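Reviewing the structure listed below.
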Amino acid sequence: MKSALMGSLKFQIPQLNFHKTLKKPDLPCSSVITCSLRGRPRPPLWRAKRLSTEAIQAIQSLKLARSSAPRLEEVFNNKLSRLLKTDLLDTLAVLQNQNELDLALKVFEFVRKEGWYKPDILLYHAMIQLLGRNKMVEMAEEFFGKLENEGLKPDARAFTEMIGAYLQVGMIDKAMETYERMKASGCDPDKLTFRILIRNLEDAGKEELVDRIKKECGDYMDYPNKFLKEVERKKNVKRLVVDFF
């Protein structure tokens, strides 16, 4: 009886094929290697922070109205003007994160006109990075000038974003000039600065500049050899990913 029951159960349970060879996902390369200057994909903002309903609605309304200047103005007047400070800044951050350049530029200028606005270098970091990502170098330079006009002093991150913007379009001389200006201003290059310089200069085949930058790592960090090994490891991992897909 027991053996008959077991045989019946065995007959009814479908066999699972655990030995099936997994295929490579049919994805375009851009879905894997859409890296920012940081060398990794930018996670969606809403995964890290819960947006308010008002901010989500404002973002959706902006996207729907983008093709019509009157409708877009209506969204700014009726929706964005009613947002709390945090919701408005969240709206701007999401647009930056989603690479909505035109909308982000308009919202940034809207933020600057708010009564509570005070010059904030963090806002400029994000805008210069966004412009650099879209290869809008001249506009990135304008924003770098704007932060100084607003009484802000460029910090290491602002210089680094500008360096990255130049490297995005192959303006190596301008990138190195900004790097030297950065050091002369009293801002020490950090890991992000060196990572961006090394990776992009290697890609451009500028081995002499790469060697120089690697040597200078020791002047600004405690464990340069450990850092350089990590940079090399990430480069090899990226190469493997590219080869795989």
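Yeah, the Cβs are placed from backbone N, Cα and C, and that goes for glycine too.
What TrEMBL records for 120-154 (among others) is repeat 'PPR'. Nonlocal intrachain contacts for the repeat 'PPR' (120-154), taken as residues 6+ away from its ends with a CB within less than 8 angstroms of a stretch CB, comprise 36-37, 92-93, 96, 99, 101, 104-105, 108, 111, 161-162, 164-166, 168-169, 171, 182, 185, 187.
Summarising the annotation, TrEMBL assigns repeat 'PPR' to 155-189 (among others). Per-residue pLDDT, averaged across the repeat 'PPR' (155-189), gives 97.
A Cβ distance under 8 Å defines the sequence-distant neighbours of the repeat 'PPR' (155-189), meaning residues of its chain 6+ beyond its ends; these are 37, 121, 124-125, 128-129, 131-133, 135, 137, 140-141, 144, 147, 196-197, 200-201, 204, 206, 209, 216, 220.
Residue counts for the repeat 'PPR' (155-189) by DSSP state, with H, G and I taken as helix and E and B as strand, are 26 helix, 0 strand, 9 coil.
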